[in-house]
Amino acid sequence: MEIGRRTMARIGFIGVGNMGGPMARNLLKAGHALKAFDLSEKLLGTMKDAGAEIAGSAAEAARDVDVLVTMLPAGPQVRKVYEGEVLSQAAPGTLLVDCSTIDVETARAVAAAAGDKGFAMVDAPVSGGVGGAEAGTLTFMVGGPEEAFEAARPYLEQMGKTIVHTGGAGNGQAAKMCNNMMLGIQMISVAEAFVLAEKLGLDHQKLFDVSSKASGQCWSLTTYCPVPGPVPTSPANRDYQPGFTTAMMLKDLKLSQDAAEGFEAETVLGREAMALYQRFSEGGNDAVDFSGIIKMIRESTE
Ligand code: NAD
């Protein structure tokens, strides 16, 4: 059976928030007919203005389409939407693409339920943030059978730049949580180094000039430096407006720690990073960029 592949396809899109909205608009720009559903009437209004048809429910968005894309907050919403509506309403042969960031176990359970009903499905979480969603430069980490990956690839290429098949069902989510655990730990390591440098009388720019060319270099330093100055585009230069919020980072670190516990991996620094982001979040910083954690680290050493 051919799954979902067409030049101009009919696409259902459920969850058109900060990420899903611009992703859906890029599919519209690519010439597809798009049917959108979200719990927010306001967001549906903006999708209508962009040329989408509006569905009255998730079930309606899933009916009579070649491809269904979901971009929902977390595992419970994904399970509810698929098991409650999509799997009973989508036509045979509909390709299912979940781009939400969720736990591996839910991703595998939903993919198995989809497989039992004969659907091809991939989990395809993204990296790159709202800017990447708008520019169509997202990185997709895709878990699922080869055939489903190949069917999804043309659509993912219209929303992103780097598309990596990371293995079977759930492995997109596995890659996403491993990557973001590295990111969370590395941001704290860079922030601690800058705070230590301040104590030692070492200028921010000088530390940057050395470490961005030496063995301490990483994305948190060279692209997203948590002090103002060295990287003009980093959120530190706009009082830590996101970017990538602390709430999102904490969500991803919790996913990685739940997985570490469930799959018996020892992730000492991942656990510690989660505890530090939890504290930062409890200080009222959920909406602050995650690099703003340097303020808490600085305050706790004063
Ligand atoms: P968001 O809250 O802006 O969008 C989620 C949308 O889903 C909302 O508009 C909400 O109304 C809708 N929704 C919730 N339950 C629904 C349901 N049952 N039926 C239909 N619609 C429903 O969140 P976002 O920032 O777009 O993030 C979406 C996903 O992408 C999350 O899993 C997040 O972790 C991941 N992500 C976000 C970023 C980022 O920078 N924002 C980056 C990478 C990955």
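Keep in mind that glycine also has a Cβ here, set from the backbone N, Cα and C atoms.
Curation plays no part in TrEMBL annotations; they are all automatic predictions.
Keep in mind that what you see is a predicted model, and the values were worked out from it rather than measured.
Annotated features, as they stand in TrEMBL:
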- 10-167: domain '6-phosphogluconate dehydrogenase NADP-binding' (DOMAIN)
- 170-296: domain '3-hydroxyisobutyrate dehydrogenase-like NAD-binding' (DOMAIN)
- Lys176: active site (ACT_SITE)
For the residue listed as 'active site', what is the secondary structure by DSSP, using just helix, strand and coil?
helix
Which residues does the residue listed as 'active site' neighbour through Cβ under 8 Å, counting only same-chain ones at least six apart?
Thr101, Pro125, Val126, Ser127, Met141, Asp252
Do you know the mean pLDDT across the domain '6-phosphogluconate dehydrogenase NADP-binding' (10-167)?
97
Can you break down the domain '3-hydroxyisobutyrate dehydrogenase-like NAD-binding' (170-296) into helix, strand and coil residue counts using DSSP?
88 helix, 2 strand, 37 coil
